[in-house]
Amino acid sequence: MRKIAIAGNWKMHKTQAEALEFLQTFLPLLQDTPEDRDVILCAPFTTLTALSKNLHGSRVQVGAQNIHWEDTGAFTGEISGPMLLETGVRYVVVGHSERRQFFGETDATVNQRLKAAQNHRLTPILCVGESKAQRDANETETVIFEQLEKGLVGVDQKNLIIAYEPIWAIGTGDTCASSEANRVIGLIRSRLTNHDVTIQYGGSVKPDNVDEIMAQPEIDGALVGGASLAGDGFARVVNYQ
């Protein structure tokens, strides 16, 4: 059975103090949130321990935004699975388009990170999606299928979330039409061996469009960027109708 998962991706936002201030607004607004919705905050490394401590016993889980495939080593600036486990996280974003675009992430390194996450009992959120140029060239399916084929080698699809994030819709205010997002996510599902994998939509998800997005039958959740930074706004997304 497919699970619903709403995840906020804070990216490089929020100090520890700002993260805890967010919780004061956010948590009281979840009292009536349906129990079948997993709520996840994917936060900067420096806030993970504080968030985990303050969310203990709540319905909100904590996620990281990256993981290295080695447990230790000379990898300046990276973070490993054992380090993440120590902070109390349960999820980790892997292969976000910003990592692919700005930090040289490839399908091969994405695959290594996915397997590292699973080896440490973390649930990875694999991001896939096409650029504007690729969509205009009718290459959406080709690009995404290649990302899936190369990224999922040796990956356990029973411990996995996938987020479809059309790159042209991330942080731009442009949202993929909900019907088109539903179509692409259906295609993604058709390429999986486990058809019960939770597949999210990401890309300018906001309080004023989340209801329409989540009404689509193939969409199991959302990976939310800018709209996850304000407690009241993200609560509205989590509490979609």
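These residue numbers are counts, starting from 1, taken along the chain as shown.
Glycine residues also receive a Cβ, built from the backbone N, Cα and C atoms like all the rest.
Here is what Swiss-Prot records for this protein:
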BINDING   ASN9, TRP10, LYS11, GLY171, SER204, GLY225, GLY226  substrate binding site
ACT_SITE  HIS96  active site, electrophile
ACT_SITE  GLU165  active site, proton acceptor
For ASN9 (substrate binding site), nearby residues of its own chain (Cβ under 8 Å, 6 or more apart in sequence): CYS42, GLN65, VAL93, HIS96, GLY202, LEU223, VAL224, GLY225, SER228
Spatial neighbours, same chain, of GLY171 (substrate binding site) - Cβ under 8 Å, 6+ residues apart: SER204, GLY225, GLY226
Any further residue of that chain within 8 Å (Cβ to the Cβ centroid of ASN9, TRP10, LYS11, GLY171, SER204, GLY225, GLY226) of the recorded substrate site: ILE170, VAL224, ALA227, SER228, LEU229
Fewest other C-beta atoms within 10 angstroms, as judged across HIS96, GLY225, which are the recorded positions: GLY225
Pairwise C-alpha maximum, in angstrom, for the residues (ASN9, TRP10, LYS11, GLY171, SER204, GLY225, GLY226) that bind substrate according to the record: 14
Neighbouring C-beta atoms (10 Å sphere around the C-beta of TRP10 (substrate binding site)): 23
Largest tally of Cβ atoms lying within 10 Å of a Cβ, found at which of the recorded positions GLU165, SER204: GLU165
Coarse DSSP state, helix versus strand versus coil, of GLY226 (substrate binding site): helix
